[in-house]
Amino acid sequence: MASKLLNFGSKLFKKTTQLIINGAHNNRRSASTSARNWIEKHPKLLAFGTLTGAAGLLMFALDVSVEASSDLVHPPAQNWGHKGLLSAIDKEGVRRGYQVYKEVCSSCHSLQYIAYRNLAGVCLTEEEAKAEAEGITVQDGPDEEGNYYDRPGRLSDYLPRPYANEELGRSANNGAYPPDLSYIVSARKGGEDYVFALLTGYCEPPAGFALREGLYFNPYFSGGAIAMGKLIDNEVVSYADEEVAPSASQLAKDVVTFLVWASEPEGDLRKILLIKVTLISTFLIGITYYIKRLKWSALKSRKIFYLPELQEKASKAASKAASEAASSKNDNCKK
Ligand code: HEC
């Protein structure tokens, strides 16, 4: 991003300096006087331009210095199948990823904005989703006598939370709270690349790095010490589809694909909508342009003349006619 900006800036600079030099060469005097005239006429615009330019440069410099001084390794960009305006999310991956979430992550992380009905038609059939929901117990009530009771889950229920409250979650995890994963891909810088790198990036801490008891080293996590241990490894989950080997990177890819879907369940619909809007608006803009030309053509091609001599002649003729009429009236009276 920064290098692109820099490239663009240097190109723009080269072009403008060339333009100025050429202009000065061709017509030295008039170029400099017209520039001075322009500056004298637009002092506010000039001030605005200078200020915005300065602010842009400051932001650019800050961004570069923050990137360079951050205490983590930047996640490499992966070649995700769902990236790009015309690619849908890999639903097989979402299905396998749900299995990984359920078997590994759900013991610590909630997914509070996803209900079983959201899974139906995406990564489970309706029957499968119903069966999944029935596997949990939900407290409902109050009934007619005012008591709360437990019932098996329904499609409309949300995925269960592993801890009843944050305090319980913290006390079970060395004081660190496992965040809700519903929006984690949208909420972290780097998105899916970050979560993938985090899950697969555990390694030995470098020499001299002091790790507190209960923390693990992960270079992609800010500060390097994370309270979540390495959970994704080869074959920690076994897939029903034997053609997909449950290697660590495959499991991480699948669970991240599931989390991408979870943070934007309507993502595919939005891409379809974008295609529709682009096609329809291209058509409508074309028609609007044609109609505008049609309606304005009479107005734009008519000619209005202003000829004072003609008008003078006409008014003289009129006054002459009037005086003649008046004199003939007088004659009539005399008779
Ligand atoms: C044993 C409990 C446990 C399990 C199981 C677990 N996590 Fe975590 N996770 C944590 C804790 C605790 C944190 C908070 C870490 C911290 O703040 O130091 C965390 C943090 C995270 C974060 C946020 C990191 C950040 O940038 O703040 C992500 C993403 C995450 N976990 C993903 C997963 C995924 C995906 C799985 C399943 C493959 C999983 N976790 C399984 C305990 C767990």
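From the backbone N, Cα and C atoms, a Cβ is placed for every residue, glycine too.
Computed from a predicted structure; not experimentally measured.
According to TrEMBL, the heme c binding site annotation covers CYS105, CYS108, HIS109, MET228. Look at HIS109 (heme c binding site): DSSP puts it in coil. The Cβ of HIS109 (heme c binding site) has 22 other Cβ atoms within 10 Å, all protein chains considered.
Residues annotated as domain 'Cytochrome c' in TrEMBL: 92-255.
Panel annotation: around the transmembrane segment (273-291), residues 85-86 of the same chain, lying at least six beyond its termini, place a Cβ under 8 Å from a Cβ of the stretch. For 273-291, the entry in TrEMBL reads transmembrane segment.
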Max CA-CA distance, Å, over listed heme c-binding residues CYS105, CYS108, HIS109, MET228:
11
Heme c site, defined by CYS105, CYS108, HIS109, MET228: further same-chain residues with Cβ within 8 Å of the Cβ centre:
VAL104, SER106, SER107, PRO178, LEU181, LEU231
Taking the binding-site residues one at a time (CYS105, CYS108, MET228), which has its Cβ surrounded by the most other Cβ atoms within 10 Å?
CYS105
